[in-house]
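> I have a structure I would like to understand better, so I am pasting it below and will then ask my questions one at a time.
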Amino acid sequence: MILSDSFHEEEENEAPVKAKRTKPDAGEEEEVVYHPVKLSRNDLYRPPTAEELNQLKEAESLFHCSLLKMQMGELLKEVALSERRKQQIDSFIQTVTKLLQTVPDSPEVEVSDLSWLSGTVKVPFLLLPKITKGKFHMAPPASIDLIGSYPLGTCTKPHVMVDLAVTIPADVLHPKDVVNQRYPRKRALYLAGLAQYLTSSSDIGTMRYSCLHGNRLRPVLLLTPPDKNSSSFTVRVHACPPPGFFKPSRFHPQRNNIRTEWYTGLQTSYSESSEPPTPHYNSSVLGDLLPRTHLQFLSAISSQCSAFADGVALLKVWLRQRELNQGTGCFNGFLASMLMAYLLTTHRISNTMTAYQLLRNSLNFLASTDLTVNGISLARDADSTPTLAEFHSAFQVVFVDPSGHLNMCADMTACTYMQLQHEASVSMQFWDNPTVDGFHSLLMTPKPMIRTSDHVFQLCELVKLQSSCKKLNLLSELMDHSGNYVHTALPFILSLLQRGLDQRIQLLTHSLSPDPEVRKIDKQTEFRQLWGLRSELRRFQDGAITEAVLWDGESMCQKRLVPKQIITHLLQLHADIPESCVRYVGHSFNPCFALQVPSTGEEKSLAVVQSYDDLSRKLWRLEGLPLSITAVQGAHPALRYTQVFPPKPLKMDYSFFDKEKTCRSLVPKEGKPCPAYITPITVICHMEGSGKWPHDRLAIRHIRAAFHIQLGELLRKHHKYTCRPCPTHLDVWKDGLAFRIQVAYHREPQVLRESVNPEGLLVVRDNEEAQALEMATIHKPLLTSTLHGLQQQHPCFGAVCRLAKRWLGAQLFSDDITEDSADLLVASLFLQPAPFTPPGSPQVGFLRFLHLLSSFDWKNNPLVVNLNNQLTAADYTEIKNGFMASRESLPVMFIATPKDKKLSMWTRRAPNVQMLQRVMMVAAESLKVLEQQLMDGNQIQDVKVVMRPPLEVYDAVIHLNPKQVPLLSQAVDPPSVTFSRGVMTGSAAQSGGSLPVIDYNPVSLYLAELREAFGDLALFFCDPYGGTVIAVLWKPKAFSPVPFKTSQVSARSVKVTGDEANTVPNVEAILEDFQIMGKGLVKSVEARTEKWSF
């Protein structure tokens, strides 16, 4: 949970225990002096009391550790109301009560006559039909009572809502007002009268209408105090009938209280007994009769269980973090209190349980109980009340209150309850997992819809649902919801989509209640009715001939859009909602790496993997090598589906190059644009161990070079591949792709660590060269194969990695968060998704990646990535303890894996503290912008806005010549002018042909030269994916004057002050050097700041 500012209020400090008080002098204020408490030896070593033993046992048995217990306790203190806040609320309630008691009487008028209201005050009700019987007049309330969570003691921050029940005088109402919306209209008029009177009072701050939990039949008046506390709490005024004014039997779910003839204005043949029932209308009116009774019931329960208020508070926090307490038909705080009361009254939980146990048992009950099938009731005497079966016939979710007449979940849809059940089930799964931070995932992590759901659809023009109600023949339901066509059509549209999406979705895997009309229908006919003309007979490979629907989708990104096709088709066919009214938010990021619409490049990754598999098989089968091959491993991001732009098979245009005959190579002609960049796909080829391997590092390199030569000759002889051997690797041109094979000997890193000292003793010392070789030949291949397996489990893993790395590159962070580090960060989202489930679409995975980057506490916690589920609870403890013990010497971003528990090899060199802070800040802003843009239907969707870096923060910008940027087409905003890069359209040959220049990128080579020459003066940043600018940031320490030395005058100018000669960087000359070093590549150098002038 991200605590808002309203949490961190100034609480009243409790005075510490007074150890000793000195006697004050006369005429002086009493002064308290504190001394340390001295305990005797007996007190220090006395055995623990029974209460202390119980607390220790509870911490051991109920919590993973005592820390979780303390975290729960601190959270409860954080959300509880302070005494100062309570005093403010009580004072404002007294003021409002006095004002309401002086409401003046008004003359009696017809209900439809609104002339007594001023023009500025509106009636919070949809007055359709306009005419209804009845008289109305204003009068002071019969009584004013506090109801809801505040008097019960379960009111929590940050959104403090205090409920005030204002009783409408009995002479304003009539016993038959339940019919034809008379009571709801009088209720709304009474609220309007109160609002008109309170408008003139200076004791009221802001005043507005709202609906109780989205129910338009139950408007409320929201009041805030006028002073600086106006945003700290809100008073919600409810207008209620006198207790017992209406008979509860009038609100049976099978009874009708809205006549069809009155509602439609047309004469009908319905008798009162044959009118369609109005259960939702009945429950809305009945809900106003019972708030005081509910408060009495909950108060009695709370008095029996000391932890009741804390348990409800924890459950409300859990609901709020998952947005389950928002909107129409939500599971609000009142239902949370009633659920806990039900568990206590049915003895499913004990009165002696702690708040932790109450929360746990409540979630366990929600996860295991389906209230859409088996409703529950708090009523003790069920003889004179409706049965659960009667409630189920009228409502999708059933939870009956203590009176036995009201279904408290009347407005809740089955989908909402299934979401609640799903969240409870997910929470229970990770609660007991010692490898997961249960407290943070359960109560501190927000789960907004856009980061939880893989596909999000929005209906833009809700007025279209009117025609949906007409097509679905929902007149009776529309009457029941008093003309609210959104609430009327919603359950039917959800049912329709559930049937259409069926097993494609995970959250709604329940069967909806059957229709009242029972009829036999065969499955084929039902299938054709559901899909219309899209349904057709098809024969499958197993010989079966069945009805089927074929959806368009050749590439992976198109296949992900099949749910969109299903939803738009069903809504158009059955609900008359055109596709133009459906806003889909699931494919917004596709343009970020789509070079060829409508593909996002995932098929290219598959082609690369298939070509590599073929090469691997051929290497295994080679004969004639002195030593056999023991392993062939890929060590490139493309082989784990995480390369941002996967290598594309290329067919070279020979007219673009000069041919170098001796080694059959293609050399670019002078004056031509830089040729297309060809990525070398690294393949590690391990040779078997043998006593013939030398123990000298130089001799080992020579042996490896000989293996490269022989491998190239064998591949050329048997498979006609064009090969170029080098001392460090062998380049193979195959299927239009370049594979770079590196022969590895498993003992070579150990040999690099060994040296002989002058005394002739063998010394083993770790060094950078050995670490780099181990990383290239052992760790990277292992990581590649592991993440390849993760891609097989989660098909969108690679796409999320590519989005994340495209964002890092675009924001110029790719040198600080390396490719391997980014892949591990994304892997953690899939392996430890709590409190979510693993991402099911690239978009939701990318949003969670940004949230992880911006919110993870890198200073105090290691990020543990449990690859292949190899780490145990003991390993987690070992990693955490080792991290805390050596925190100062470890990288600022610490990522632990099963093979790297102590060092975080992937982030050892980068990022530093300043760059990590910058990454976190930009990630937080990007997440904020994206979530607003994706969820706000009125905003123009341009997600590329988070891919455009702010260049204002840099001191200088080097603009590059687009003609010499080989990856220009991969830029976030590629230019409209394109250059020929020596590549032809068409499929590449499988073997043979001349070898083009491999791994030639002038931008990266220029960047390396800049860092080598000026790395002590500045930092250099560039987007590796087609970036045409290099951003320069001066290092502040480099501009401090240093004493003159002849060995340190490079790029510096001398300033003589008296007898001292100091040197400072010569910025003008440095900028000129930038231009000279990049001749032909650099277009211009722009100085944006003058930091050097100080």
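Backbone N, Cα and C define each Cβ position, glycine as well.
This is the feature table in TrEMBL:
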- 162-303: domain 'Nrap protein' (DOMAIN)
- 307-445: domain 'Nrap protein' (DOMAIN)
- 519-575: domain 'Nrap protein' (DOMAIN)
- 598-792: domain 'Nrap protein' (DOMAIN)
- 794-949: domain 'Nrap protein' (DOMAIN)
- 951-1085: domain 'Nrap protein' (DOMAIN)
- 1-31: region 'Disordered' (REGION)
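What's the neighbourhood like for each of these?
Helix, strand and coil counts from DSSP across the domain 'Nrap protein' (162-303) read 60 helix, 28 strand, 54 coil.
DSSP places the residues of the domain 'Nrap protein' (307-445) in helix, strand and coil in these numbers: 73 helix, 5 strand, 61 coil.
Per DSSP, the domain 'Nrap protein' (951-1085) is made up of 40 helix, 37 strand, 58 coil.
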> Find the member of 162-303, 307-445, 951-1085 that has more C-beta pairs under 8 Å to the domain 'Nrap protein' (598-792) than any other listed stretch.
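Out of the listed stretches, 951-1085 contacts the domain 'Nrap protein' (598-792) most.
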